[in-house]
């Protein structure tokens with residue numbers, strides 16, 4: 001219980017810290033943001049109006065207080081360039097990013113977990129080494145390059161096996177599910193293979209660790225074969241670890257697919273954020289960065305708490321550690 | 001330190017406590033640390049040699065050596081000047097004049113890749129230094145005897161570790177623009193947190209051991225205890241983690257540079273070469289092959305380097321590092337027993 005309270009308190013402190021960091025990072029921009037946004041040769045009245053609109057003519061603490069109190073009311077501000085609310089803008093982008101990373105994670109799990117189990121079960125050194133090399137190569141390919149190879153191999157137009165559209169997301173969005181899905185397959189495969197390689201290493205390492213545990217030895221003593229014992233007992237013991245890794249991976253993929261979204265011209269969260277940074281869309285960038293950071297902190301919190309629920313051994317261990325620390 | 005051999009010879013279970021206290025500075029720190037001055041000096045050599053004896057380690061060492069050599073050569077010589085463009089041979093196929101062909105401005109691809117390797121080397125070295133410094137600081141806080149500081153730093157690492165480096169890089173890129181510092185600071189921060197989390201169990205084990213207790217009782221400062229007793233114990237874990245981080249840093253460079261928040265345009269780097277050829281992939285697919293291939297091979301090598309280092313630098317896995325301690329006449333098991 002002490003752990004939960006401490007963790008929650010730190011979550012609040014970290015949120016505050018991140019909001020401060022984001023705010024300061026955006027305010028120490030060299031030059032006058034308003035005149036950059038208004039463009040060259042724009043009349044001074046336009047710049048002044050923009051300053052007024054952005055609230056830049058007020059003191060920094062006042063600006064910060066305004067922003068935070070709006071955030072607390074669920075108001076993420078309005079993008080000055082598009083005139084749309086930042087919340088709605090992010091919501092629209094999430095409709096591309098979340099299907100993409102869900103599909104990618106499913107592919108990664110379908111590849112990574114069975115391969116990881118196979119690698120842990122393999123006994124011949126040559127086979128183990130082969131699995132190891134596969135995992136390393138899969139994790140060493142730059143996402144950009146992997147995506148390019150996918151385009152070269154499988155896209156309509158330039159691909160050797162022309163099946164999938166090479167870039168873009170249908171204008172109609174999810175009202176045409178077939179076309180939308182088709183445009184997500186290549187990027188999801190690229191992400192899935194790269195993430196899957198990492199997942200494979202984790203699965204192998206976690207299983208190898210539990211394979212040496214007393215529980216697995218006990219199961220084998222009770223008559224299970226090594227394969228049975230590792231898959232039934234070892235995998236169960238490793239579940240807590242794997243769930244937290246998969247949870248963190250899923251969260252990381254939101255920004256991790258930034259490069260892929262850019263390459264495949266998908267209007268997702270990451271690609272949109274990069275565009276906003278390029279446009280110096282102050283309010284949008286500020287709120288989006290904060291939203292993402294808050295989201296990651298929340299995921300970290302949930303995973304930590306979930307981990308303790310799934311693995312009761314940690315609770316007592318954690319209490320002991322606190323006494324020792 | 002100079003008469004370590006003599007000390008080691010006399011260190012057995014019959015040594016009285018007073019004698020031990022008198023030799024507090026010369027006492028072996030733990031089983032793995034019982035080495036003579038001679039082996040202390042030869043230690044890196046032994047590690048490299050045992051890495052070389054495995055195929056993976058040899059591959060990693062060769063790639064590292066080539067990378068270093070090419071970076072140094074590119075400082076004084078590249079086949080063509082980076083600014084030399086040949087407008088008549090844009091997107092040239094590989095030929096005798098341009099071994100890897102030319103890009104969209106007619107610049108020599110090989111020259112740019114060679115020059116890029118030194119930028120990437122610089123980024124990796126700076127990132128690793130940053131991560132090591134930050135990570136060690138966190139480890140020191142995590143294992144410190146101030147329970148408030150230790151508890152707070154453990155929870156802080158847990159909370160901050162979920163923030164991805166790309167997001168940090170974006171926050172930094174807003175005021176700094178595209179710059180090498182964005183990659184170095186964002187990655188150094190992220191990898192430092194990872195390092196702290198990975199090294200904590202080992203560090204805690206060492207920091208709570210009897211030999212640290214003894215050192216503190218005999219008046220050693222916390223800094224001395226950390227550098228002399230905790231650091232050697234987490235060194236193998238740290239080397240592995242840092243070389244894995246080096247691989248991730250190379251990947252991060254290519255990604256961030258493509259997004260326009262990494263290496264500024266005009267500065268040669270592998271990510272830059274990759275990013276500039278992306279736009280023309282449908283027309284000239286061949287040029288995109290080389291930078292991607294180089295990054296992949298280097299990252300594979302850094303991963304294998306981590307594996308090989310983990311086996312070679314850990315005295316528990318690499319018996320060669322322990323040979324001398326046996327000859328010195330100590331009984332590692334006995335020493336461990338007394339420490340436990």
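Here, residue 1 is simply the first one shown, and the rest follow in order.
Every residue gets a Cβ built from N, Cα and C, even glycine.
Remember, TrEMBL labels are computer predictions, not curated facts.
Among the ranges A:77-99, A:100-122, the stretch that TrEMBL annotates as transmembrane segment is A:100-122. In TrEMBL, the annotation transmembrane segment applies to A:289-306, one of the ranges A:289-306, A:307-324. Ranking A:100-122, A:179-200, A:242-269, A:289-306 by CB pairs under 8 A with the transmembrane segment (A:129-154) puts A:179-200 at the top. Across the candidate stretches A:100-122, A:179-200, A:242-269, the maximum count of CB pairs under 8 A to the transmembrane segment (A:289-306) is reached by A:242-269.
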